[in-house]
Amino acid sequence: MFDITLVHAREILDSRGNPTVEAEVTLSGGAVGRAAVPSGASTGEHEAVELRDGDNARYLGKGVLKAVENVEGEIAQALGGMDASQQRDIDMRMLDLDGTENKGRLGANAILAVSMASARAVANQLDIPLYRYLGGVNGNILPVPMMNILNGGAHADNNVDFQEFMAMPVGAESFSEALRWGAEVFHTLKGVLKKRGYNTAVGDEGGFAPSLKSNVEAIEVILEAIQQAGYTPGEQIAIALDPAASEFFKDGKYIFKKSDKSEKTSEQMVRWWSDWANKYPIVSIEDGLAEDDWEGWKLLTDELGDKIQLVGDDLFVTNPERLARGIDNGVANSILIKVNQIGTLSETLDAIEMARRNGYTAVISHRSGETEDTFIADLAVATGAGQIKTGSASRTDRVAKYNQLLRIEEQLGAGARFLGIGALNYDGDLSAE
């Protein structure tokens, strides 16, 4: 019933109009699973390799026909007849076939598409939701959304150095209420920006991308929007940041090249984040320092690790080996989970499990180049991660994930759980913000 009879792939477009891989896996029982892979704009140096064609005559070199060919050729041949319900066997077969550390031969985009499609095919064959297949009876925790309502850095053409400013409705009682609060703040923010004379065009992830006067003003307009929407900053809706510091780190210095051109050392950046955490209702900072600035990360964790959530994205790249180094060195207290950073579902689940065993939280995340695929919504519930980062309340590629979570919440009914601030590694006093 679960034997793989056909593996097919095609080149489709992501939310930025760039090609990506979509795979379909057909089982002997008749079920078909389909999955599409996302891609990132600010990619970590240590991520698994996305295979691109490099043919400038097609899609400016970004085509993925080689990856598609690898799926329909080597991968399809290797997986034919295998039991798709044995996810780890499927993934290990593809890893062995690729034979590289970074999945660069077959392409992480080829491998991941098949890995996710296989899981979805089995869920479809069993006629159960994907989150239930992946998570069993424990799959009942709806995540707190990190809603990226203001964009800068590599995600926007403006003068804000930091990549993402997010609203987190940590005081809500349910996912649907949290989503409503976040959407209301997003729409209110549009009015705040318009009143100040700013453009309200949106960036890759659906957040606004105005040319603000400073990084501080980004925080200020969000706080104003939270209050205007009728909510209490900190107690009901807190702020999460993703500076993506690797993007402005060069030659051992952090260069604020988009704003005031100032340069900062690791120690000065730690002081910067400490000052902001004390001044504003910030509950989470992701990639506050560069991916290979391990000494700086240690300083940051010593300073803020027992107070707020410190998330490693480029630092860990969803890789259990890099996460193990962070755990051993007491660096960060949370990991961002992006399935295409590591390249298989099994390795993704391994990273989440390792984080959980060592007291780290896990935040399930999209990429800036997304598709309509809602796999990560089910993954968030299946793993009980408690947090999801999947953009703003605009752009269908982002909202698709939120809508899937609304459906899951409805399916779970009274069994649905929502942890709010309890989902984070946060030890501050929200009411005092």
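In case you wondered, yes, glycine gets a Cβ from its N, Cα and C as well.
For reference, Swiss-Prot has these:
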type: BINDING; residues: Gln163, Lys338, Arg367, Ser368, Lys389; note: (2R)-2-phosphoglycerate binding site
type: ACT_SITE; residues: Glu205; note: active site, proton donor
type: BINDING; residues: Asp242, Glu286, Asp313; note: Mg(2+) binding site
type: ACT_SITE; residues: Lys338; note: active site, proton acceptor
- Task: Pull out the recorded positions from the set Glu205, Asp242, Glu286, Asp313 whose C-alpha sits within 10 Å of the C-alpha of Arg367 ((2R)-2-phosphoglycerate binding site).
- Result: Glu205
- Item | Whole-number Å value for how far Asp313 (Mg(2+) binding site) lies from Gln163 ((2R)-2-phosphoglycerate binding site) (Cα to Cα) | 13
- Item | By Cα-Cα distance, the member of recorded positions Glu205, Lys338, Ser368, Lys389 nearest Glu286 (Mg(2+) binding site) | Lys389
- Environment of Asp242, Glu286, Asp313, the listed Mg(2+) site - residues of the same chain whose CB lies within 8 A of the CB centroid: Gln163, Glu164, Leu241, Pro243, Ala244, Ile285, Asp287, Val311, Gly312, Asp314, Leu336, Lys389
- Quick one: which of these recorded positions, Glu205, Lys338, Lys389, have their CA within 10 A of Asp313 (Mg(2+) binding site)? Lys338
- Task: Please report how many Å separate the Cα atom of Ser368 ((2R)-2-phosphoglycerate binding site) from that of the residue listed as 'active site, proton donor', as a whole number.
- Result: 6
- Query: How big is the gap, in Å, between the Cα of Lys338 ((2R)-2-phosphoglycerate binding site) and that of Glu205 (active site, proton donor), rounded to a whole number?
  - Reply: 15
- Any idea which of the binding-site residues Gln163, Ser368 has the thinnest Cβ neighbourhood at 10 Å? Ser368
- Between Lys389 ((2R)-2-phosphoglycerate binding site) and the residue listed as 'active site, proton donor': CA-CA distance (Å): 10
- Using Cα coordinates, what distance in whole Å links Lys389 ((2R)-2-phosphoglycerate binding site) and Asp242 (Mg(2+) binding site)? 11
- Note on the structure: Mapped onto three states, the DSSP assignment of Glu286 (Mg(2+) binding site) reads strand
- Which of the three DSSP states, helix, strand or coil, fits Lys338 ((2R)-2-phosphoglycerate binding site)? coil
- Task: Would you mind checking how many other C-beta atoms are within 10 angstroms of the C-beta on Glu286 (Mg(2+) binding site)?
- Result: 28
- Query: What is the one among the binding-site residues Lys338, Arg367, Lys389 whose Cβ has the most other Cβ atoms less than or equal to 10 Å away?
  - Reply: Lys389
